[in-house]
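Working notes, structure below.
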């Protein structure tokens with residue numbers, strides 16, 4: 001488990017390129033036949049990836065010890081979106097088939113969660129966010145047909161994109177975790193511009209569906225003290241509440257966003273005008 005401490009905005013603005021990457025970038029999300037796990041002190045979110053190829057991968061008691069509990073989800077909820085080939089997730093003996101861009105919400109109290117790929121030639125890639133939970137909501141599969149999509153932006157401003165809301169109150173109940181998948185239309189490069197912060201929630205972006213020769217310049221920092229982190233395919237970045245979170249790519253891309261914090265009101269944002277950015 002890679003533990004990341006919280007960081008003050010006054011400290012963050014003094015960091016060089018490597019310093020920013022050390023604090024906020026999750027460089028390697030998927031490793032064959034293993035789970036990766038980054039624990040952030042910011043709202044206690046855990047992010048990572050699971051890519052089973054030659055064997056199943058379970059997340060259970062061994063993680064619980066690191067969290068000071070008996071098992072991983074004793075006091076947590078889990079959200080998973082599969083960006084790879086078809087797979088399965090077995091939760092306490094109940095098997096769910098999770099296809100490409102299907103998702104699974106796992107409620108607090110699940111003792112054993114086992115991940116598998118159906119075809120080793122096209123393994124599943126399970127990206128997950130995990131947050132503290134105060135009660136148990138039912139485990140539920142969500143397919144792309146069941147999400148709440150919103151299309152925003154314009155080709156003229158190069159920010160036309162569809163926001164697919166997987167884990168939001170309109171789709172299912174969670175304690176605090178919200179997750180979704182945003183896909184840019186071909187030829188569009190910008191996400192979340194004009195940008196915003198949300199003082200009441202933190203967020204993690206996971207960029208994927210990118211060519212090897214492409215990158216995204218992820219914008220972060222306070223609106224008057226912006227910085228950037230160069231992101232490549234299948235990398236994630238942690239965004240504190242005080243930071244903007246926007247990006248521009250050399251080509252179109254897709255990203256998964258996950259939020260935890262005070263509320264689940266998607267539109268609870270502190271908008272920042274482009275003219276006010278520095």
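The chain as shown is numbered from 1 upward.
For all residues, glycine too, the Cβ spot is worked out from N, Cα and C.
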| Given Swiss-Prot annotates 196, 198, 203 as Zn(2+)-binding, which of 134, 232, 245 belongs to that site as well? | 245
| Per DSSP, to which secondary structure element type does residue 198 (Zn(2+) binding site) belong, with helix, strand and coil as the options? | coil
| task | Would you mind pulling the DSSP three-state label for residue 245 (Zn(2+) binding site)? | result | coil
